[in-house]
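Taken verbatim from TrEMBL:
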| type | residues | note |
| --- | --- | --- |
| TRANSMEM | A:12-31 | transmembrane segment |
| TRANSMEM | A:62-79 | transmembrane segment |
| TRANSMEM | A:91-113 | transmembrane segment |
| TRANSMEM | A:133-151 | transmembrane segment |
| TRANSMEM | A:220-242 | transmembrane segment |
| TRANSMEM | A:248-268 | transmembrane segment |
Amino acid sequence: MIELLQEELFQLALVAALLVGLCAPAVGTFIVQRRLALLGDGIGHVALTGVALGFLTGTTPVLTAVLVSIAGAVAIELVRARGRTSGDVALALLFYGGIAGGVMLMAIAPGGSNAKLNSYLFGAIASVTREDIVVIAALALAVIGVVVVFGRELFVLCQDEEMARASGLPVRFLSLLVAVTAALTVVIAMRVVGLLLVSALMVIPVATSQQLTRGFRATMALAMLFGVLASVGGLLASTLSAKVPPGAAIVLLALAGFVLALGVGKFVRRSRTQESTMSERPRVQVKEVA
Amino acid sequence: MSETAFAMTGGQVTFDGKPILRGVDLTVRPGEVVALLGANGSGKSTLVRALLGLTPLSGGQTLLYGTPPARFRDWWRIGYVPQRLQVGGGVPATVGEVVASGRIARQSRLRRTSQADRAAVAEALEAVRLSDRAGDPVQSLSGGQQQRVLIARALAGQPDTYVMDEPTAGVDAGTQQLLADTLAGLVRGGKTVVLVVHELGPLEPIITRGVVIREGRVAHDGRPPRPEGECARPGHEHVHPHAAETTAGPLTGWQGDPR
């Protein structure tokens, strides 16, 4: 293990896993609160076209993926905001187009192959380069920055959009911000867990965390911890045997955590009800919003 | 010209071709306590939403403190209490967090939560007697308690005008009285209140003006209706259509009363 830690390749992978583990659940908390748990999946599908476009044009696939998934996220948000039932179908069409477009472009791209496609669909954390890490770190910084600066407003928006409007918040801008931040997160996570499993890291840690917490801030903080544990843990697990794919190991670990939290959560809630009926808590506790 | 909190002239709202508001004129001046009354489907909820600019008008215009909603900037002056608490997609939020979000219109993006924010939130929680529940998830509260959270959220923002959509619907008598006492305190402090109610109940003494909406129009505007006879009995089930025909009124003493 010590030797492994000294290998640059592994160090890069570790940094990537850490950043993804932090970012995905942070954005995921807002997305789950907003009942858009599948947004990440949608963007993931669209991002595939972006990756293929990168191969076709000879640009870094991560960069083209950023551009295309932001465009896709904005499109999804616009359809959502119009709120018509046909929106469902429009989104589905967009997702199919994303996958099919990606496969097609990849096939005609010089040097494009199914193996390369697979590394984006299912992740290839071992092939992360220094250049990738720079991009991933910059995107991660942007994502965390959005959460820190806009967290309070996003909480109101995701809790109750009408309330946000009646508070004078820039609802359209904030909605687009959520979508774009999700798109950035998808791109960060695609090298680690793959586009098909990206959404898992945005949703599972949040679902796990909310079994145990009472508040929004606490849910987000714990989800980020679970996210890091799963992504780093999965990466370490994959070093045990060459047969273990890291992306799948990360997601399965996260799911195992969720199942565990379900059980623990039941226990915690039961002891809490006893506590609150047995003892009064006169202490005024005011938590600020994320 | 004196300041108006709300000024709607000829307000029309149409949903999918169906007219909901058919030309409403309504001016609310600071310090007034206005009850919007009317049967289900009469358009009173749509009216409050239109007053706030949450529902766009298809005709006429409405002003918030003299400014159209789209260009209104002083949102801290308005405290909106919606009908129901939205709990989001299952992510828990504590009572304290939700009430603190009422400060959002007073907070700037990069400033951290201030002492004044904390004090206002603590005071709002105290006013609705939920201080001891501040750390509990709102999802675990009863309907009446959630209603109190919504009111506390508006209180925390310390607005000039409160707009409440059926704050007394489905809450127990204790919460209704608590709300009445809280509102009485606000009114003494010169605040403006516009509320949609089904029946006045314990709120009756503080209402200064009753506006009855019928089929998307103002059917009565003046002294608040006083319940009489059967309707005045405590615990009376309100089953008749509100302000139906002029002949049908147990609500007498106000109809045709010129303001």
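From the backbone N, Cα and C atoms, a Cβ is placed for every residue, glycine too.
Those TrEMBL annotations? Automatic predictions, nothing curated.
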Seg_contact(the transmembrane segment (A:220-242), the transmembrane segment (A:12-31)) with at least 3 CB pairs under 8 angstroms, min sep 6:
yes
Under an 8 Å Cβ to Cβ limit, what residues of the same chain, 6 or more beyond the ends of the transmembrane segment (A:12-31), are close to it?
5, 37, 39-40, 125-126, 128-130, 132-133, 136-137, 139-140, 143-144, 147, 154-155, 158, 178, 181-182, 185, 188-189, 191-193, 198, 201-203, 205-206, 209, 216, 219-220, 223-224, 226-232, 234-235, 246, 250
Tertiary contacts of the transmembrane segment (A:133-151), as residues 6+ beyond its ends and Cβ separation under 8 Å:
12, 15-16, 19-20, 22-23, 26-27, 30, 60, 62-63, 66, 174, 177, 181, 184-185, 187-188, 191, 220, 289-290
